[in-house]
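Copied over from TrEMBL:
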TRANSMEM  35-63  transmembrane segment
DOMAIN    37-460  domain 'Major facilitator superfamily (MFS) profile'
TRANSMEM  75-97  transmembrane segment
TRANSMEM  109-128  transmembrane segment
TRANSMEM  134-153  transmembrane segment
TRANSMEM  165-188  transmembrane segment
TRANSMEM  208-227  transmembrane segment
TRANSMEM  270-289  transmembrane segment
TRANSMEM  309-331  transmembrane segment
TRANSMEM  343-366  transmembrane segment
TRANSMEM  372-399  transmembrane segment
TRANSMEM  411-436  transmembrane segment
Amino acid sequence: MAEEYAECLLEKNFHEDCSGCKVDQMKRLRRGFPFWELFTVWIIVLCTALPISSLFPFLYFMIDDFNIAKKEEDIGFYAGFVGCSFMLGRAFTSVAWGLVADRYGRKPVILIGTASVVVFNTLFGLSLNFWMAIITRFCLGSFNGLLGPIKAYAMEIFRDEYQGLALSAVSTAWGIGLIIGPAIGGFLAQPAKQYPSLFSQDSIFGKFPFFLPCLAISVFAFLVTIVSSRIPETLHNHKFNDDESYDALKDLSDDPESNKVAERNGKSSLLNNWPLISSIIVYCVFSLHDMAYTEIFSLWANSPRKYGGLGYSTADVGSVLAFSGFGLLIFQLSLYSYAERLLGPIIVTRISGSLAMVVLSCYPLIAKLSGLALTVTVTSASVAKSVLGTSAITGLFILQNKAVRQDQRGAANGIAMTAMSLFKAIGPAAAGIMYATSSTSFFTLNMLQHFVIKQTTRTT
């Protein structure tokens with residue numbers, strides 16, 4: 001009965017010139033699995049995630065080439081500022097891009113975000129000095145504000161029964177991008193040195209040794225921009241005449257558990273919604289932890305053995321991270337959904353955080369290994385850390401969207417995006433300083449992980 005009433009109200013408010021109405025009508029009439037929508041959401045999120053961490057395997061060598069560090073031990077200090085400039089730029093502009101997406105549509109923000117990767121990521125690969133690297137990364141972050149709008153788009157383009165899959169696709173593509181990005185950077189950086197038979201020192205890739213991985217990601221982003229130009233706009237360009245239409249649609253869109261939480265928090269401000277705010281706090285700290293770990297791992301692996309590192313080349317780091325990405329993809333597509341349905345998102349987040357502490361505790365001991373034992377152990381630890389980190393973040397995405405009504409999800413995701421960007425901006429800089437001045441980097445990350453687990457015990 002509610003479904004028939006909602007369809008009647010939708011017909012009443014249908015506007016021929018409104019793309020949002022056409023999307024709603026398409027969802028009602030469509031049957032079958034939404035392969036194309038899932039594919040577009042996946043590649044758009046992957047496009048914005050790849051450049052975030054692709055620089056970490058070669059950042060140590062890039063800073064060294066800039067000749068700005070007076071001592072080799074200071075390279076991590078300067079690397080941290082280049083690493084954090086992307087998130088700092090995004091933190092400054094994410095609220096503004098959210099307002100643009102609510103006013104003018106999701107599609108323009110998505111197109112600007114993917115196009116910014118093409119332009120500024122290419123310029124970053126051509127950086128001539130330390131300050132050019134920082135400015136191009138900052139601009140890349142400032143214009144790349146699509147992560148919040150793409151979550152809203154995913155909730156609006158999918159039918160109700162596939163919205164959980166949509167959020168899972170966002171977090172999985174994000175996690176895969178943060179892993180494949182460094183793998184691309186590790187395999188393609190310094191091509192004239194790694195592949196002298198294919199690239200000469202006199203070519204552009206010899207003069208700019210870190211341009212090839214940036215160019216590869218930019219080409220992919222260009223293709224994604226072309227695909228994104230064909231996606232429909234989901235934002236309605238008119239006002240609904242009957243507020244009851246929203247109520248009927250919410251009855252259809254939310255599951256019973258979501259409705260109970262939304263009923264309790266619907267009339268209060270989002271800032272007074274403790275289930276939402278607590279999950280955002282945990283999400284922010286987890287994001288800071290994950291970003292710091294990503295940089296520390298690459299710096300640690302590239303550093304000479306005499307400084308407690310592994311003495312790995314960029315290709316070695318790329319191999320480890322490639323295995324991590326493959327393992328994460330297999331887990332997310334096959335096992336995560338079963339774990340979430342069996343245990344619930346809160347328990348999954350707590351277990352993932354606890355097990356990640358155990359994994360991180362082993363990292364200082366890994367540096368004492370060598371040969372095959374080192375390769376197998378560090379690869380296994382990297383796979384485990386990636387799976388556990390992404391599982392926790394996916395659980396937090398679910399918690400955030402269940403803590404609010406459907407018509408509040410855009411604003412809730414915007415708040416989470418802004419706060420997360422600020423924390424991720426701190427992550428690389430703090431990690432670089434911590435690595436340059438301390439031999440207990442992974443112990444400090446463990447303490448941060450312990451705080452995350454304590455916070456999840458207060459999440460309801």
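Quick reminder: no glycine exception, Cβ is built from N, Cα and C everywhere.
Keep in mind that this is a model prediction, so the values were computed, not measured.
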Request  = Examine the transmembrane segment (309-331) against the transmembrane segment (208-227) and state whether at least 3 Cβ pairs sit under 8 A, considering only residue pairs 6 or more apart.
outcome  = no
Note = Mean pLDDT across the domain 'Major facilitator superfamily (MFS) profile' (37-460) comes out at 78
Key: Long-range neighbours of the transmembrane segment (372-399), counting only residues six or more past its ends (CB under 8 A)   = 151, 164, 167-168, 170-172, 174-175, 179, 275, 279, 282-283, 286-287, 289-290, 293, 297, 301, 310, 319-321, 323-325, 327-328, 331-332, 336, 339-340, 345-346, 348-349, 352-353, 355-356, 359-360, 362-363, 366, 452, 459
